[in-house]
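Colleague: Following this message is one structure expressed as structure tokens.
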């Protein structure tokens, strides 16, 4: 296993791209600190660092829409990670399967899978 200390964190954070393991759809991007990455490796459930709340969070802890991590890949520069996951429910807090549910024109192109008001 790659030593987590050899990764290139910027201000203690590393970018994490989350992708569905089977469909390869990009679900979201978030940041991880070393603790979030360690917890993800240990538990098999995605954990991230909230820059706004300044705290660790387990993806899906409130909604139940967990990300079961099947594989973690490191990019060539060692400054970002790719989580290949089995997504339970939606990844986006707006109710969509992916956070990338709109195109640049503003049109909704993604699948809505839950109503946020029913979950949060």
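Even glycines carry a Cβ here, placed using N, Cα and C.
Checked Swiss-Prot, it gives:
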- 75, 77, 79: Mg(2+) binding site (BINDING)
- 76, 92, 99: Zn(2+) binding site (BINDING)
Colleague: Out of 76, 92, 99, which of the binding-site residues is least crowded by other Cβ atoms within 10 Å?
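Modeller: Counting other Cβ atoms within 10 Å of each of the binding-site residues 76, 92, 99, the minimum falls on 76.
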Colleague: Which residues does residue 77 (Mg(2+) binding site) neighbour through Cβ under 8 Å, counting only same-chain ones at least six apart?
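Modeller: The answer is 8.
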Colleague: Hey, how far is residue 92 (Zn(2+) binding site) from residue 79 (Mg(2+) binding site), Cα to Cα, in Å?
Modeller: 24
